[in-house]
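One structure below.
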Amino acid sequence: MDIGIDKIGFYVPQNYIDIVELAKARDVDPDKFTIGIGQDKQAVPKPYQDAVTMAASSADSILTAEDKKDLGLLIVGTESSIDESKSTAAFLMDLLELPEDIRAFEIKQACFGATAGLQSAFDFVSLNPGKKALVIATDIARYGIKTPGEVTQGAGSVAMVISENPRILKLEHKSVYMTRNIGDFWRPTFSKTAFARGKFSNQVYVDFFQTLWQKYQAKFDVTANDFSTMLFHIPYTKMGTKALRTLEGKVSDEKYAELTDHYQASIKFSREVGNLYTGSLYLGLLSYLVNGARPNEELLLFSYGSGAVGELYSGQIQPGFDKAINKDKILNLLDNRQKMSIADYEKMYQVEYQNGTIVDPKTVQEKFYLSEIKENERLYKKLN
Ligand code: CAA
């Protein structure tokens, strides 16, 4: 039975800042941010948006009544959860009007959460023929104003329906993974912003990729020639470039040129959005599907979550995959955003809703929003 990604949806907040303007405001050479880090724009969420509202938006963009009826599992991967107890998934039951015979929960392992969800969804669909699973990656990546990590922030969500006979990507059940206790990135429960040993994180990421690529080749008796595309976890696009570059000189020049060319197609959206944390790899997949993919291509996907877990797995693009993606909707979402000044972004960054806040729906532009914080409970609404 073929199992994999049947639908993929995306949501990005409707405000962004321009990375060249950010560089100028921070007195940095813009080339450092656009070339050295590899970013052009950064999504900025509104104060009434969070992991829940963005997850609702990405899932709402793809779910039909038929999907909802068939769902048996909902997994949200996030490291921006708004509650230490209740899962983001539970909030979505109302917002998405899902039937209650669903097993819904949240997974946290830094940027690996969505991949853990995807592999669990594969297992679930294998064991429950006819059922579908919804996996959502949703995050707000924050390091703080004027920190080295500021240029690698971002926000957004990717939702995927996993089913039999997938129309987009067949998962091949070929995978290698590894975990080590590493202090490269963390966010204690008291902190809204992450702490990172950025350069160390780069080293660990590249080491995990090289280790897993060796393991993958040995386990499945393949070489780079068996793949036309490698997709990477891309919190900022230079990071994936560093892993890809380890193949230079080790594969033929033609193969390296092909992988580099396809990688460029996979980072287009990330350059425009920034860091999605656990959604980053899947935004790369979506970017590749919209900007370069061909039917029957063999993909290798590298997932990395600080702390650290890595997984390398393969999939095959399905014939007719382009008909299962609403390319115009995705491009419109990206193209119709409003730019914010750096001063406005800094002001909005400081806004944090407290207990007792009631959000006036007239000030809301997005479909799903935080409507109120009452008795310290966050309550959400959908604009009709
Ligand atoms: N023109 C072109 N390039 C320039 C330049 C210029 N004028 N000036 C500098 N550069 C280049 C540098 O040569 C460097 O390139 P290489 O990395 O190829 O050497 C690059 O720009 C960055 O320069 P620095 O290393 O000097 O930059 P920095 O000290 O400001 O740190 C950073 C960069 C480490 C990425 C920092 O932004 C950071 O700490 N970010 C947050 C950490 C992070 O995002 N880690 C990844 C998260 S891990 C993850 O995603 C997993 C998870 O589970 C959360």
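Backbone N, Cα and C atoms are what each Cβ position is placed from, and that goes for glycine too.
A quick note: this is a predicted structure, and the numbers were derived from the prediction, not measured.
Feature list (source: TrEMBL):
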ACT_SITE  Glu79  active site, proton donor/acceptor
ACT_SITE  Cys111  active site, acyl-thioester intermediate
ACT_SITE  His233  active site, proton donor/acceptor
BINDING   Asp29, Tyr143, Lys242, Asn275  (3S)-3-hydroxy-3-methylglutaryl-CoA binding site
DOMAIN    2-164  domain 'Hydroxymethylglutaryl-coenzyme A synthase N-terminal'
DOMAIN    174-246  domain 'Hydroxymethylglutaryl-coenzyme A synthase C-terminal'
DOMAIN    260-351  domain 'Hydroxymethylglutaryl-coenzyme A synthase C-terminal'
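Taking the features listed in TrEMBL, we show where each one sits on the structure.
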residue : record                                           : CB count, 10 Å
Asp29   : (3S)-3-hydroxy-3-methylglutaryl-CoA binding site : 11
Glu79   : active site, proton donor/acceptor               : 25
Cys111  : active site, acyl-thioester intermediate         : 30
Tyr143  : (3S)-3-hydroxy-3-methylglutaryl-CoA binding site : 20
His233  : active site, proton donor/acceptor               : 31
Lys242  : (3S)-3-hydroxy-3-methylglutaryl-CoA binding site : 14
Asn275  : (3S)-3-hydroxy-3-methylglutaryl-CoA binding site : 29
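Taking the Cα atom of each, Asn275 ((3S)-3-hydroxy-3-methylglutaryl-CoA binding site) and Glu79 (active site, proton donor/acceptor) are about 12 angstrom apart. The average pLDDT for the domain 'Hydroxymethylglutaryl-coenzyme A synthase C-terminal' (260-351) in the predicted structure is 97.
Helix first, then strand, then coil: DSSP counts for the domain 'Hydroxymethylglutaryl-coenzyme A synthase C-terminal' (174-246) stand at 35 helix, 14 strand, 24 coil. When Cα-Cα distances from Cys111 (active site, acyl-thioester intermediate) are compared across the recorded positions Asp29, Glu79, Tyr143, the shortest belongs to Glu79.
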